[in-house]
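As recorded in TrEMBL, the features of this protein are as follows:
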TRANSMEM  A:28-48  transmembrane segment
TRANSMEM  A:54-75  transmembrane segment
TRANSMEM  A:105-128  transmembrane segment
TRANSMEM  A:135-153  transmembrane segment
TRANSMEM  A:192-210  transmembrane segment
TRANSMEM  A:239-257  transmembrane segment
TRANSMEM  A:277-305  transmembrane segment
TRANSMEM  A:312-336  transmembrane segment
């Protein structure tokens, strides 16, 4: 939680008190880990901090990051969504199929794909809230339905997207720009994509919603004590349905951004992303059981996992060993968060 | 005689073939603390759930301040001035005191984007309220509920009911799992609520706690009210216990 109104301990105004409050924040652990990673990777291979590498890493970061932002809100409300990876694959397939067959213009196809994702999220939400089925089972089922639909629509073949470059929509979503460099190749500068701008804007918006708005208060209450929230008139079912819809829409947006960037809409893309996204969120300090979530922590979690993937390759560790590091980070972070949680609950 | 706030008339509630409430009649007046006693399964919880809108009743009528109302949800009850403080589901441990106080009725800052809360004002009001209900320690309103003691949590829930001017505060086992000093604190809050014009329905297993604070004792057995106007000043604990268990009939 980054909101000072919920985290400052009693008498937290003095300097040591402020320091203690900072250490007790769920974002403290991931922040230290991120700084540590930057130091270690850079000291082994200075190219890690080069502008080219930062640009590359940030490009890959935002696509999973967009999903992680929505997943943070959903997990704070006490649910999670395993179908995001398959929505990530399905939405671009739908958009490009509609466009390539000449059925409609690309912006309209984009809206149809977002609409389809919202429908998927709505169905997820209804199954969870109306039928009382755990989100694990509902979204596992939806994962298979959506992935199956994407494969069936395409016969398993990727959809071509190379005509995307001329479209204003693809420029708005993933158009590249150069900071401080020269020429087509952005020599000596930092090459960034519009997707990063969207990620930053949405991260700020989601942080604001979670910490400053009424709806954010309801999200935390829904995950923290659903009975209390309901007794105070919070429509916890509606909160969850909205968040499932946001989660699916963000997965669709991320998938379409990715398809434009890699110039292919593969019906298999996004496989396994759901677990990586959940890992990013919990590493950042959001609690799996709900009630407490942090967008700042999630942004740190996203950076940690993506920079780890990038960094271990750059320092010469075999890429296949990536999962060992990720697993170790998850276990370490969970141990840290649980220790902090115990201290927090003990009122120290 | 003080004004009748709540008049429950001939309330019946059945779960399948089980009759949980059998024609219950109960009146609550302004400014009185009513202790609701009964053994497990006597129907206390069902009666309270009916009055707080948590479960629908099968038949009967609820009249609030002379007006018949239909309780379809807890929101209906809150709108009619009835606040229920359940033991486990009153507060959200992860949220601050101020955010809990205003949960569902957050103060908003306008013109705000996406219903922005006025967090400063919420904290300010909460701090004021904590002082008014006399929580002895200096607890900032930004403290998460999870780090408060059981008694302090009850105090926050009672303070909330008082702030929103509920006519009737229903306390379901408010002294369970509390130490001696904390129990006394909660009983003090209950008296304060009465002294400021609120009525309370106090449910507790510990009959000694009930005797310390209530003006009137109502006893339920097997879904019906078997004693309605026992006074803790004129009845002994033994007499009330006999009525609860049905021993007085055997005698």
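Glycine too: its Cβ is placed from the backbone N, Cα and C atoms.
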Practice task
Please check if the transmembrane segment (A:105-128) comes into contact with the transmembrane segment (A:312-336), where contact means 3 or more CB pairs closer than 8 Å and the residues in each pair are separated by 6 or more positions.
Solution key: no
Exercise for the section: Residue list, the transmembrane segment (A:28-48) vs rest of chain: Cβ under 8 Å, 6 or more residues beyond ends. Expected result: 22, 283-285, 297, 300-301, 303-304, 307-308, 310-311, 314-316, 329, 333, 336-337, 340
Problem - Touch test for the transmembrane segment (A:277-305) and the transmembrane segment (A:312-336), at least 3 Cβ pairs under 8 Å - result: yes
Practice task
Sort out the residues at least 6 away from either end of the transmembrane segment (A:192-210), same chain, that have Cβ-Cβ distances under 8 Å to it, and list them.
Solution key: 2, 55, 58-59, 61-63, 65-66, 69-70, 72-73, 76, 171-179, 216, 219-220, 250, 253, 257, 261, 293-296, 299
Exercise for the section: Test the contact criterion for the transmembrane segment (A:54-75) and the transmembrane segment (A:312-336): 3 or more CB pairs under 8 Å, pairs 6 or more apart in sequence, then answer yes or no. Expected result: no
Completion exercise
Same-chain residues at least 6 beyond the ends of the transmembrane segment (A:239-257) with CB under 8 Å of its CB atoms are 62-64, 66-67, 69-71, 73-74, 77-79, 81, 83-85, 87-92, 95, 110, 113-114, 116-118, 120-122, 124-126, 128-129, 173-174, 195, 198, 202, 215, 218-219, 222, 269-270
Exercise for the section: Would you kindly list the residues that approach the transmembrane segment (A:312-336) from elsewhere in its chain, counting only those six or more residues past its ends and only Cβ-Cβ distances under 8 Å? Expected result: 29-30, 33, 41, 44-45, 47-48, 53, 276, 279, 282-283, 304-305
